[in-house]
Each structure stands twice: as structure tokens, then as C-alpha cells.
Amino acid sequence: MERANHSVVSEFILLGLSKSQNLQILFFLGFSVVYAGIVLGNLLILVTVIFDSRLHTPMYFLLINLSCIDMILASFATPKMIVDFLRKQKTISWWGCYSQMFFMHLLGGSEMMLLVAMAIDRYVAICKPLHYLTIMSPRVLVWLLLSSYTVGFVHSSSQMAFMLNLPFCGPNVVDSFFCDLPLVIKLACKDTYLLQLLVIADSGLLSLVCFLLLLVSYGIIIYSVRHRAAGSSAKAFSTLSAHITVVTLFFAPCVFIYVWPFSRYSVDKILSVFYTIFTPLLNPIIYTLRNHEVKAAIKKIRTRHINFGRLNPLLRICCPWG
């Protein structure tokens, strides 16, 4: 109620990805398939890890948390975007817009820190294998997980605290398919130049610091692996390649949007699609294709017709290569 006293805007209009009716129909079909793939692919990883006791290790505990975050990250804006392709007027309430921005930064910040936690896990597993289970104890895993979500929550709360006191009196048009914080701040009825710099600096600093930490950690791991036997180093490199691919796909758009000074919003819109939709789709594909243990577990589950008969159609759709 307090916000309504200094703002006359109760909803925002989203321009979406295109004004072409034919393209919107094509986007509706394409993104519906992609979103279904995101949900089914990440559910496949969750089911596989939960039902195969051999995967009850710290690495896969972190992996299923990554899958959960990816599903929610893809769900905060994608379902509305898909429905909006069939609508002429793409509107969203003020609180709906606020919620989108909050969850985007909450989940984005949490996933960044979770990827750092996964890098720590890989460092201990590869460089200190004899002490792996001792170091990566349940208490340490819970601490890493809580730290990831705490950083995401603090980052998102600090970003959104500025929004509550901003007056919005028009225009109310957001040139994106969801409420992106820098775009919404520009619509406020006051000079927000310094606030925009602060918001971009906050997100950019978090993205850049996490990315540099990951580069350093993976560099140390690769340096350590080079001096090992061919067999063990090949297995380590196979695991690392999957992690490095996921990190690159996740951080490259973030760093470009919030750190690169010459980025344009037309480019940012494309990168936002990749960041919020295609990365959550690629993660389960990468981890299943490059991980022999997960592929073996999927095959094992598919053979259990009695106990898991209902899951087989899902597994065949999600993992036709298994």
C-alpha cells in the first residue's frame, strides 16, 4: 500500500521477443518444446540420482541442487513468455514484475555460488582423493549449499531494496520478455543513473568474482592432473570438461551483460534468452552425455520394468542415447 502512494503504475507492458505474428507462433511452438525439455531433462537427473545408491555422493548431491535451481530459473519467466506469444497485450502486474526480478537474481546468484561449490568438490575429489569423503562431509555439503543460497538471497535483496521506494508514473513499457532490473529502473520518474550503475556493478562484480574463482580453481586442478597417469588423468579431464562447459555457458552471458561496457539491450535480450532458457536445457544434456556414471544409472533404471515401468517412457524421451 505504501508503494501505491507515490506510484501510479500498477502494471508493465512487455514487448517480448518479436512483434511479428508468424514469429510469435513459431516461438510459441519452439519454446514450449524447449521448456518441456528443461523440466523433463532436469527431472531425469533428479530421479536417476535419487534412485541409484551409487550416485549418493557429494558430487551428485550438488548436481541435483543445480538441477532444481535450473528448473526454477527457467520457470520464473518462461511459462508466461510462452503464453504471451498468443496474446496481443503482454502485461504483468507491478508485484509480478517485482517477483520476476527478485527470483532471477536470487537463483542466478545462488547458481553462481553453487558452481563454485562444485569446483571445490572437484578439486578435493581429484587432488585429495584419499581424504575426499572426510573433507566433503555432510556438514560441509550443507554449509556449501546454505552459503550458496544465502549469497543469492543477500544479492537479490540488496538489488530489490532500491525498487520499493522508486516512483513509477509512466511510461511502463519494458523492452524484454520479462522484467529485467536495469530496464525497469530506467522507467522510474526520477534520475536513476547512479542507481543503474550500482545495480549493474553489484551483479557484474558477483559474476566476475565467481567466474575468476572458477578459472583459478580449474586451472589448479588441470595443473595437478597433468602429472598423473594417463588413465586417471583422462577420467579427470572428462569430468572437468563437463563442468567447464557448464560454467562457460552460464557465466559468458552474465559477464557480457553486466561487465562489458558496450553491450546493447538488443544484444542483452538475446543473451537473456540463452541465460534463462537454453543454459538450464543444456546442463542436463552435458552432464548425462559426458558422465558415464549417470548414463549407466539411467540404463539401469530403464531395465527395471516392474518397479519403474511408468518412468520408462519419460527416460526414452529424455535420454534416447542411453
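Keep in mind that glycine also has a Cβ here, set from the backbone N, Cα and C atoms.
Beyond the transmembrane segment (25-47), the same-chain residues lying 6 or more positions past its ends with a Cβ under 8 Å from any Cβ of the stretch are 17-18, 63-64, 67-68, 70-71, 74, 78-79, 81-82, 85-86, 277-278, 280-281, 283-285, 287-288, 294, 298, 301, 311, 314-315, 317-319. Per TrEMBL, transmembrane segment is recorded for 25-47 (among others).
For the domain 'G-protein coupled receptors family 1 profile' (41-287), the model gives a mean pLDDT of 84. TrEMBL lists 41-287 with the feature domain 'G-protein coupled receptors family 1 profile'.
If you look up TrEMBL, you'll see 59-78 (among others) marked as transmembrane segment.
Sequence annotations record features per position, and here TrEMBL assigns transmembrane segment to 98-120 (among others). Beyond the ends of the transmembrane segment (98-120), by six or more residues, the same chain brings 59, 62-63, 65-66, 69-70, 72-73, 76-77, 92, 144-145, 147-149, 151-156, 159-160, 163, 178-181, 184, 203, 206-207, 210, 213-214, 217-218, 221, 243, 246-247, 250-251, 254, 275-276 to within a C-beta distance below 8 angstroms of the stretch.
Look at TrEMBL and you will find 140-158 (among others) tagged as transmembrane segment.
Taken from TrEMBL, the feature transmembrane segment covers 204-225 (among others).
Taken from TrEMBL, the feature transmembrane segment applies to 237-260 (among others).
The annotation transmembrane segment is assigned in TrEMBL to 272-289 (among others).
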Between the transmembrane segment (59-78) and the transmembrane segment (272-289), are there three or more C-beta pairs closer than 8 Å, counting only pairs 6 or more apart along the chain? yes
